[in-house]
């Protein structure tokens, strides 16, 4: 009779040695593997020593193939790990997603008798979810589950929804697996619809879960509120807000911020002010976003006094305004609303809280919006507040002064920039040169040019072009020649604009032959004349009564592939009419129409003179209000 409590051993033949009395066998004996431990309900418990050993082998850096080592290890033990143990191994190596996924595949294909269950699938899905894997990987795992006949549980469905798998597919799986959706599942589905910007569908699911007695957490409630507010679903947003109160959900500052922004955009001042009062009474601490939202809502409803009051409260509470705050208060409320006379009041409130970056932002923004005087106020405060200036603010202020034709102030600013650590450059000087040129302040240009060179700033091609054009505009031909010679001697090479300015200056000041020679030089050096070049010369020939030369140049222009514009046609039409060449003028006008150009007032003025000169009865129709200019001179 066998002993029932005897230890069971297993063995294998290690060696066989022949002898006269028969072969001698060496047997290696080992105890049978202990049974898998179970809990009080009879479910197997993970063997911690086995989980740790497997994880250690997988994480080994000395082995070129940890999975092969693992196969050898498990084979030597003659045991099969359970799905729970596989799940624990995945958890242990989880920081390495590729390693965990590799083990997951290995267990299913290489461990005899092993089969994944819903929990091990959930573990790998959870890991992929945390690593932000896309829905494609989740769909592949679901296909494996269905192939192997492994039904998922409600956690599987929740994970699939969270990973972005199509909601309809997730609901099909839940039905197939006989699962009942819980509150967390509904929450996941609501958020999935909101992330896909399907706000109406998200709200429908919310209504369904509400009828079933489920409720969201504060994060999901706020997400739904924000989506409804941005979609303009105001009534639904207020309904959700009331649900939050009825469900005793702890409302936070973000909840109120969403509703205040929504009410402010809708112009419901009473509502958002009551929400603000309720928010404060609930003890919610207003953060930067909350203050900005309230200030923006007040600004949109033109409540200037309350905007300034809220800004002061914001600073008193220790909340530092940012660029958005100042943009709303100064640009949207004061500038757009016509209240810039209160700019100093706002700057006084913010005194000590405006950093150099914000000052620079305000200067640039006010300059860009055309409020140069107010930009100068802010700039002066920045100047007195900081030893070192901001380059962007200085450039914006310089540009604003030039645009406002305040060239003396612009030159002074150039002089003072080094005091604040701002090195002047050629772009800054070019900006001032351009402004001086437009005002024909040539003496200032010469002085500034000397100062520029004294400060070590090297002129570029734009500098020379601006100066040649500006000096040529007032007829200083010798100075133009001097600048051109200096340019040629420098590292700057003339371009088409340079030649255009020279030809314009020489041609309009009686040096037509030299202008024409420059044009030929331009061609010889490989420059391509543009429409402006040809138009200048055509005009110069016309003024000198050389209309035939002008016509010849016009034909050459077309032959070279340079397309005339309406200005070119107007110039030539005018001189043809003045010389009595009416037939040529009419022919040119027909060409103009064929090119699809729209005649302007100058064109019609010339045509009227042509009609008067030729005593023709051509009817010239003025522009129709609905169709524009329609002309038939013959």
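Counting starts with 1 at the first residue shown.
Backbone N, Cα and C define each Cβ position, glycine as well.
The region 'Disordered' feature in TrEMBL is assigned to 17-41.
Confidence across the repeat 'PPR' (117-152), taken as the mean pLDDT and rounded to a whole number, stands at 91. What TrEMBL lists as repeat 'PPR' is 117-152 (among others).
Taken from TrEMBL, the feature repeat 'PPR' covers 182-216 (among others).
Look at TrEMBL and you will find 217-251 (among others) tagged as repeat 'PPR'.
Same-chain neighbours of the repeat 'PPR' (252-286): 218, 221-222, 225-226, 229, 234, 237-238, 241, 244, 293-294, 296-298, 300-301, 303, 314, 317, 319, counting only residues six or more beyond its ends whose CB sits under 8 Å from a CB of the stretch. Summarising the annotation, TrEMBL assigns repeat 'PPR' to 252-286 (among others).
TrEMBL lists 287-321 (among others) with the feature repeat 'PPR'. Listed as Cβ neighbours of the repeat 'PPR' (287-321) (distance under 8 Å, sequence separation of 6 or more from its ends, same chain) are residues 253-254, 256-257, 260-261, 263-265, 267, 269, 272, 276, 279, 328-329, 332-334, 337, 339, 342, 345-346, 349-350, 353, 358.
The list of residues near the repeat 'PPR' (390-424) in space but at least 6 beyond its ends in sequence, with Cβ under 8 angstroms from a Cβ of it, reads 356-357, 359-360, 363-364, 367-368, 372, 375-376, 379, 382-383, 431-432, 434-436, 438-439, 441, 444, 448, 455, 457. Per TrEMBL, the feature repeat 'PPR' maps to 390-424 (among others).
Under the heading repeat 'PPR', TrEMBL lists 425-459 (among others).
Taken from TrEMBL, the feature repeat 'PPR' applies to 460-494 (among others). Same-chain neighbours of the repeat 'PPR' (460-494): 426, 429-430, 433-434, 436-438, 440, 442, 445, 449, 452, 501-502, 504-506, 509, 511, counting only residues six or more beyond its ends whose CB sits under 8 Å from a CB of the stretch.
The repeat 'PPR' feature in TrEMBL is assigned to 495-529 (among others). Note on the repeat 'PPR' (495-529): DSSP counts are 26 helix, 0 strand, 9 coil.
The annotation repeat 'PPR' is assigned in TrEMBL to 530-564 (among others).
Marked as repeat 'PPR' by TrEMBL: 565-599 (among others). Each residue in the repeat 'PPR' (565-599) gets a DSSP state, and the totals come to 26 helix, 0 strand, 9 coil.
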### Surrounding residues of the repeat 'PPR' (117-152) on its own chain - C-beta under 8 Å, 6+ positions past either end
83-84, 86-87, 90-91, 94, 97, 100-101, 104, 107-108, 159-160, 162-166, 169, 173, 177-179
### Message
I need to check the long-range neighbours of the repeat 'PPR' (182-216): which residues 6 or more away from its ends have a CB within less than 8 Å of a CB in the stretch?
### Response
154, 157-158, 161-162, 164, 167, 170, 174, 223-224, 227-228, 230-231, 233, 236, 240, 243, 247, 249
